[in-house]
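**Student:** For reference, the structure I am asking about is given below.
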Amino acid sequence: MDLRRWFPTLYTQSKDSPVRSRDATLYLLRCVFLMGVRKPPAKFFVAYVLWSFALNFCSTFYQPIGFLTGYISHLSEFSPGEFLTSLQVAFNAWSCSTKVLIVWALVKRFDEANNLLDEMDRRITDPGERLQIHRAVSLSNRIFFFFMAVYMVYATNTFLSAIFIGRPPYQNYYPFLDWRSSTLHLALQAGLEYFAMAGACFQDVCVDCYPVNFVLVLRAHMSIFAERLRRLGTYPYESQEQKYERLVQCIQDHKVILRFVDCLRPVISGTIFVQFLVVGLVLGFTLINIVLFANLGSAIAALSFMAAVLLETTPFCILCNYLTEDCYKLADALFQSNWIDEEKRYQKTLMYFLQKLQQPITFMAMNVFPISVGTNISVTKFSFSVFTLVKQMNISEKLAKSEMEE
């Protein structure tokens, strides 16, 4: 099978190929379309609406309700391990549904961001610069498929381990289905739960990976922009007016970068904030399940779930730290350009521009948390607090004892 033919943007194009930064989100936006949150195409209007209803009803709306209803109606029938397996996913399912609704409301901003990437592309002329963008595009798409693989491995592992022991993966509540009554009901409920969870994982990939896809290609443009700033004033045959025009063009380039960031900021702020709220709790329940209750199959599924949860915030938080460093490099590059012997107008404009470049690009989670590695570590450490609390209160022993008595 020729993957290059079917997935060309997974591979780095030659430096002579035209630049298309928007290809960094090619597969992401195709999957966003399959989430059913786009305007239905005229040709497949009915099919798209039906698909959108089925996926979002099962994964976005009913699944969080099904978890809660299942706890209310059948809590006494859960073993401690089964309850924690279900609970860790329930919190993540509730957060996933919230993130999907945020992206659904703001999905047009992805198209606006891609239009701004097209503006940045028009400034790319050098073959070396084109190659740099091509590398960012291929890396971005490979990361998207890596996310998809990790999330889907979790959903499938949980499904298979549950079927092996003869129970539905999460024991959600479905009207008219009692999986204890017959093998047919068990198969139907397990299939429904797997469809809902696979759909939720598919949605989660899109709402978790889009910041990484967009910021990766932004960093490539910022690296090229830094070299453009460093070369200011070094062209010997330019007049003073031409040098000034080149500086003004760089200021315009920086404004496009800021518009790109401002375009994505509301979406990123909402989705990352939601994830920060639940990541510590979810990881804490997962640790308790792995250490105290899980059998081998459940432990493998829980470990893959933990990897998926860590992917939801960690890569983007790392990129945010790198993005801050990139901004400081822009200021250094401008200061290193040949400006000392230029005219007063050029120097004043450059100094004003330098002050703007020294203001780093940062993302905030609903103006509450700065999105950074430090914040990610802080919220992740909360999982150890949850684990320690459960250990000190001997909750695990009490749960195990109650299960033995039953």
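Glycine is no exception: its Cβ is also placed from the backbone N, Cα and C atoms.
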**Student:** For the candidates N376, N394, I need the one that Swiss-Prot annotates as N-linked glycosylation site.
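**Tutor:** Of N376, N394, Swiss-Prot lists N394 as: N-linked glycosylation site.
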**Student:** With respect to the membrane, are S86 and S298 annotated by Swiss-Prot as being on the same side?
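**Tutor:** Going by Swiss-Prot, S86 and S298 are on the same face of the membrane.
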**Student:** Could you give the residue numbers and ranges of same-chain residues that sit at least 6 residues beyond the transmembrane segment (272-292) on either side and whose C-beta is under 8 angstroms from one of its C-beta atoms?
**Tutor:** 80-81, 84-85, 87-88, 91-92, 94-95, 98-99, 102, 208, 211, 298-299, 302-303, 305-306, 309-310, 312-313, 316, 363, 365-366, 368-369, 371, 375-376, 379-387, 390, 396
**Student:** Before we move on, state whether the transmembrane segment (87-107) and the transmembrane segment (360-380) share at least 3 Cβ pairs under 8 Å, counting only pairs 6 or more apart in sequence.
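**Tutor:** No, since the transmembrane segment (87-107) and the transmembrane segment (360-380) share fewer than 3 Cβ pairs closer than 8 Å, they do not count as touching.
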**Student:** Considering only the recorded stretches 45-65, 143-163, 182-202, state which has the highest number of Cβ pairs under 8 Å to the transmembrane segment (299-319).
**Tutor:** 143-163
**Student:** Near the topological domain 'Extracellular' (164-181), which residues from the same chain, at least 6 beyond its ends, have a CB less than 8 A from one of its CBs?
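**Tutor:** Hits for the topological domain 'Extracellular' (164-181): 63, 66-67, 69-70, 72-74, 77-78, 82, 85-86, 89-90, 158, 188-190, 192-194, 196-197, 297.
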**Student:** Mind checking which residues of the chain, 6+ beyond the ends of the topological domain 'Cytoplasmic' (108-142), have their Cβ under 8 Å from one of its Cβ atoms?
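**Tutor:** Non-local partners: 7, 9-27, 29, 32, 210, 212-214, 216-217, 219-221, 223-224, 227-228, 253, 256-257, 259-260, 263-264, 266-267.
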**Student:** How does the topological domain 'Cytoplasmic' (320-359) divide up by DSSP, counting helix, then strand, then coil residues?
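**Tutor:** Output for the topological domain 'Cytoplasmic' (320-359) reads 30 helix, 0 strand, 10 coil.
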